[in-house]
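Following: one structure in structure tokens, then a few remarks.
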Amino acid sequence: MLSPNLTIVKNLPLKKRICFLLKLVCFVSSVLIFCEFFIYYLVIFQCRWPDVKRDAHTGNEETPASVLKAMFLADTHLLGEIKGHWLDKLRREWQMERSFQTALWLLQPDIVFILGDVFDEGKWDSPQAWADDVRRFQKMFKYPVTTELVVIVGNHDIGFHYEMTTYKVHRFEKVFNFTSGKLITRKGTNFVLVNSVAMEGDGCTLCRTAEAKLVALSHRLNCSLQEPNHPQKRCSDAEKPPASQPILLQHYPLYRKSDAECSGEDAAPPEEKNIPFKEKYDVLSQEASQKLLWWFRPRLILSGHTHSACQVLHTGGIPEISIPSFSWRNRNNPSFIMGSITPTDFSLHKCFLPRESRVFAIYWAAGALLVVLVLAHFQLLTPPFYFAQRLISKHKAA
């Protein structure tokens, strides 16, 4: 004999069942579309390009055409075939693709810099696995002709110093057109790209080559800053870029003892802040850091690697910003930096992406509501719930 509840379910008209099923499909689809598409627009839409102060030399306001809009992100860590579970890949790569494409569409930057560790297993990749990783990267981080993408090498792309080989470095350079010691100048602003892994200081072939290029570039940049009426003899034959202090872009941060002085909601967690950093592993060595500061006297340094945010002042008041990871796999609240930059000034703003915990909370709440709706529809709720439903129905009828 059928129970009363089952009798109610079986007696529901077919048309009513189909209508209810369509409502459920619409509800589930709406939740999916919101959590996987619209939430990115909702969150990133709140980000704005920061304003730049007046030109230090002329006193005039900078025009939009003279300001370079640059996006900086780091540590995407696309999973590989060894450690990457397919579901983890699907979830994290979809999050980064939607975040990146939404940011490009809403913010329309002139140039985007990715500060290393593009891949998680680049240091181990076979040629076939490397080709697959590159293909996925190019799909996720595709960009319009109005935007330029510049990628800097990290330790997961070519390995730490003891794993780095000429083959791995050239493989990365071929795909991303990256060279340590490369100068990129846009709208009069100079960016210096550094291969942090090659700053070991042990005289290896790759390290010597990278340092020689950096020294030569520092000579050109320093010559460009000389007074036109009092040029030094050694600068007479140098090819001079625009006279603007450079911005240093690299994967490893410059030397600091730890993240103890870092603050903010996306800084390292309290239990990790006081862990001492290891030179040439967590940060550059003191010697390499001093070299870069001495060679270039940068006005700003941007780095990644630690997966957490930090802002420090180096000797001479030179600021360094460590950019958190762009991936949910490494943190719950990823972000990127928006920079409005001129040859003489810059202004930075951090743009947070949707929190993974909030997306999960929406799914849990939607799932719970879905269960309640199904039980209520078939009158399978326990008495207290059913009584509340009857009261609501009577109130609507009145």
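Glycine residues also receive a Cβ, built from the backbone N, Cα and C atoms like all the rest.
It should be emphasised that the depicted structure is a prediction, and the values quoted were computed from it without experimental measurement.
Residues annotated as transmembrane segment in Swiss-Prot: 25-45 (among others). Same-chain residues lying 6 or more positions outside the transmembrane segment (25-45) and placing a CB less than 8 Å from one of its CB atoms are 94, 98-99, 102-103, 106-107, 351-354, 359, 362-363, 366, 370, 373.
When other Cβ atoms within 10 Å of the Cβ of His251 (divalent metal cation 2 binding site) are tallied across all protein chains shown, the result is 25. Annotated divalent metal cation 2 binding site per Swiss-Prot: Asp75, Asp117, His251, His307, in sequence order.
The annotation divalent metal cation 1 binding site is assigned in Swiss-Prot to Asp117, Asn155, His251, His305 on the grounds of similarity to another entry. Asp117 (divalent metal cation 2 binding site) is surrounded by 26 other CB atoms, counting those within 10 A of its CB over all protein chains shown.
Sequence annotations record features per position, and here Swiss-Prot assigns transmembrane segment to 359-379 (among others).
Residues or ranges marked as motif 'Di-lysine motif' in Swiss-Prot: 394-398.
Residues near His307 (divalent metal cation 2 binding site) in space but far in sequence (CB under 8 A, at least 6 apart, same chain), listed by position: Asp75, Pro324, Ser325, Asn330, Arg331. It is 6 Å from the Cα atom of His305 (divalent metal cation 1 binding site) to that of His251 (divalent metal cation 2 binding site).
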